[in-house]
Amino acid sequence: MNGVLQVTFIVILSVEFIIGIFGNGFIAVVNIKDLVKGRKISSVDQILTALAISRIALLWLILVSWWIFVLYPGQWMTDRRVSIMHSIWTTFNQSSLWFATSLSIFYFFKIANFSNPIFLYLKVRLKKVMIGTLIMSLILFCLNIIIMNAPENILITEYNVSMSYSLILNNTQLSMLFPFANTMFGFIPFAVSLVTFVLLVFSLWKHQRKMQHSAHGCRDASTKAHIRALQTLIASLLLYSIFFLSHVMKVWSALLLERTLLLLITQVARTAFPSVHSWVLILGNAKMRKASLYVFLWLRCRHKE
């Protein structure tokens, strides 16, 4: 592969890592600081904090695994190490995806307006809905790990019986199995986020029709709340789509012999979601936006001194 392209992608990955660590670190520090001071943090801030911490761990894991792959490719390709690393990666990746999806569900129930009795029933029991979502994500995570590890155990047994060819078969099948399983289970939270976005758009459309003859101020307040949430969800879904497509590309890249460039592209695409999305959340959250402005003004004053 062209050395210039490789260096370019590595630089992009490094920038994404720095942006992601600072963005997610900022979210975590702001909320943990309030918690230490004895202030009560809201449900959305609790989700944001859990999301930020899981993404910090995920970004560090991406960086470490990538450098191990580049510097020690032979050691990286041993079946047991591949399995352990992918299991750890799946843990933080699934946590990140489901916390982001929980955030979409939270915004949907807080802002959307429907007269449907099921919606109203769930809206007044939002805390239970969020707990149920996290329990479901835990069940799906366990299934994901089982599906990834079961074929590996079979392949290792085959390797012990016939050492002549099973190692190649092992690595090839494992390289296809992990991204396929993560793509399959990653589609579920993506689909849930997409549904909440579509329903929120429909809610805004219904609201605008219903409030045409209502007071202008009330209409503007609710419409602005819908639009702010939709702006955040649009940016989130765009990054989510790139992330999901990168998993599809990784499944396809497992079939190729010369795949270094494609692996770099998919890695850059995958890292964009936990990295850039943190700043989307900061700009879309009033508390985080205010805190970031305070930090910016403080840094500006320090620079002038």
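Glycine is no exception: its Cβ is also placed from the backbone N, Cα and C atoms.
As recorded in Swiss-Prot:
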- ASN93: N-linked glycosylation site (CARBOHYD)
- ASN160: N-linked glycosylation site (CARBOHYD)
- ASN170: N-linked glycosylation site (CARBOHYD)
- 1-8: topological domain 'Extracellular' (TOPO_DOM)
- 30-55: topological domain 'Cytoplasmic' (TOPO_DOM)
- 77-101: topological domain 'Extracellular' (TOPO_DOM)
- 123-128: topological domain 'Cytoplasmic' (TOPO_DOM)
- 150-184: topological domain 'Extracellular' (TOPO_DOM)
- 206-236: topological domain 'Cytoplasmic' (TOPO_DOM)
- 258-261: topological domain 'Extracellular' (TOPO_DOM)
- 283-305: topological domain 'Cytoplasmic' (TOPO_DOM)
- 9-29: transmembrane segment (TRANSMEM)
- 56-76: transmembrane segment (TRANSMEM)
- 102-122: transmembrane segment (TRANSMEM)
- 129-149: transmembrane segment (TRANSMEM)
- 185-205: transmembrane segment (TRANSMEM)
- 237-257: transmembrane segment (TRANSMEM)
- 262-282: transmembrane segment (TRANSMEM)
Can you say which of 102-122, 129-149, 185-205, 262-282 has the most Cβ pairs under 8 Å with the transmembrane segment (9-29)? 262-282
If you draw a 10 Å sphere around the Cβ of ASN93 (N-linked glycosylation site), how many other Cβ atoms fall inside it, taking every protein chain shown into account? 27
In the topological domain 'Cytoplasmic' (123-128), averaged pLDDT is 91
Chain residues outside the transmembrane segment (102-122) and at least six past its termini with a C-beta under 8 angstroms from it: 43-44, 47-48, 51, 129-130, 133-134, 192-193, 196-197, 199-200, 203, 206-207, 222, 225-226, 229, 232-233, 236, 281
Cβ under 8 Å, sequence separation of at least 6 from the ends of the topological domain 'Cytoplasmic' (283-305): give me the contacting residues as numbers and ranges. 26-27, 30, 44-45, 48, 228, 231-232, 235
Counting each residue once, how many in the topological domain 'Cytoplasmic' (123-128) are helix, strand and coil under DSSP? 4 helix, 0 strand, 2 coil
